[in-house]
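Peer 1: First the structure, which I've put down as structure tokens, then a few questions once you've had a look.
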Ligand SMILES: Cc1ncc(COP(=O)(O)OP(=O)(O)O)c(N)n1
Ligand SMILES: Cc1ncsc1CCOP(=O)(O)O
Ligand SMILES: [Mg+2]
């Protein structure tokens with residue numbers, strides 16, 4: 001029998017994905033080895049390499065080096081999208097969106113012992129994510145963002161709070177348009193982690209922005 005009825009996905013692992021920290025803290029999402037190294041040196045412990053729309057052969061060397069770097073810093077490095085390369089090179093974890101789930105081998109990822117983060121935008125996607133029993137669930141986008149074209153409207157803080165409350169056993173990550181001035185309000189919704197791109201990479205002073213974000217988010221961690 002398949003799970004297509006509930007999840008639309010052909011085949012799910014029999015047990016949950018490996019756990020990760022309940023509160024993943026500050027979670028920068030970056031697209032180069034240079035950013036990874038800078039941010040790991042600045043004290044970031046959860047991070048994602050998100051390279052878009054390249055051939056696997058063009059990104060394999062970068063992904064391999066990123067995974068080595070993550071291990072050297074004992075960091076939780078999630079690879080976005082390129083799940084085959086993440087499995088091949090033994091990443092800490094993988095991040096997949098709803099569309100990615102349709103073309104990924106979740107059993108292979110699970111069997112290889114990688115953690116899995118899944119994106120969600122609404123109640124239906126949240127139900128599908130829960131059926132997969134991933135390591136964390138991302139909720140977004142929370143506010144308008146310039147970084148990624150989003151077909152749906154931002155979910156806002158009220159929906160974020162409701163979604164977080166509905167999955168108390170999962171580590172949660174909020175993403176999308178989260179600038180430093182919005183961090184406290186997002187944390188008030190109960191999320192364990194805040195993922196950011198532009199709040200760091202477009203900041204006038206990325207070191208100052210990273211230090212401030214780390215201190216605001218760690219200060220609130222339980
Ligand atoms: C932490 C986190 N949350 C959401 C996303 C978005 O993933 P996805 O919907 O697959 O879109 P792309 O990032 O692949 O364009 C993410 N990467 N990280
Ligand atoms: C990758 C991604 N997924 C949902 S929103 C987003 C981009 C977040 O970037 P920013 O923090 O600059 O809004
Ligand atoms: Mg994706």
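Every residue, even glycine, has its Cβ placed from backbone N, Cα and C.
Okay, these came from TrEMBL:
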- 48, 49, 50, 51, 52, 80, 119, 148: 4-amino-2-methyl-5-(diphosphooxymethyl)pyrimidine binding site (BINDING)
- 81, 100: Mg(2+) binding site (BINDING)
- 31-200: domain 'Thiamine phosphate synthase/TenI' (DOMAIN)
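What does the local environment look like for each feature on the list?
Peer 2: For residue 80 (4-amino-2-methyl-5-(diphosphooxymethyl)pyrimidine binding site), applying a Cβ distance below 8 Å and a minimum sequence separation of six or more within one chain yields 29, 48, 49, 50, 51, 94, 95. Classification of residue 80 (4-amino-2-methyl-5-(diphosphooxymethyl)pyrimidine binding site) by DSSP places it within a strand.
In the structure as shown, the Cβ atom of residue 81 (Mg(2+) binding site) sits within 10 Å of 23 other Cβ atoms.
Confidence across the domain 'Thiamine phosphate synthase/TenI' (31-200), taken as the mean pLDDT and rounded to a whole number, stands at 97.
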Peer 1: Return the single residue from the binding-site residues list (50, 52, 148) that has the minimum number of other CB atoms within 10 Å.
Peer 2: 52
Peer 1: Any idea what the Cα distance is from residue 119 (4-amino-2-methyl-5-(diphosphooxymethyl)pyrimidine binding site) over to residue 100 (Mg(2+) binding site), rounded to a whole Å?
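Peer 2: Computed Cα spacing between residue 119 (4-amino-2-methyl-5-(diphosphooxymethyl)pyrimidine binding site) and residue 100 (Mg(2+) binding site) is 10 Å.
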Peer 1: Judged by the number of other CB atoms within 10 angstroms, which among 49, 51 is the least packed of the binding-site residues?
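Peer 2: Minimum Cβ neighbour count within 10 Å, taken over the binding-site residues 49, 51, occurs at 51.
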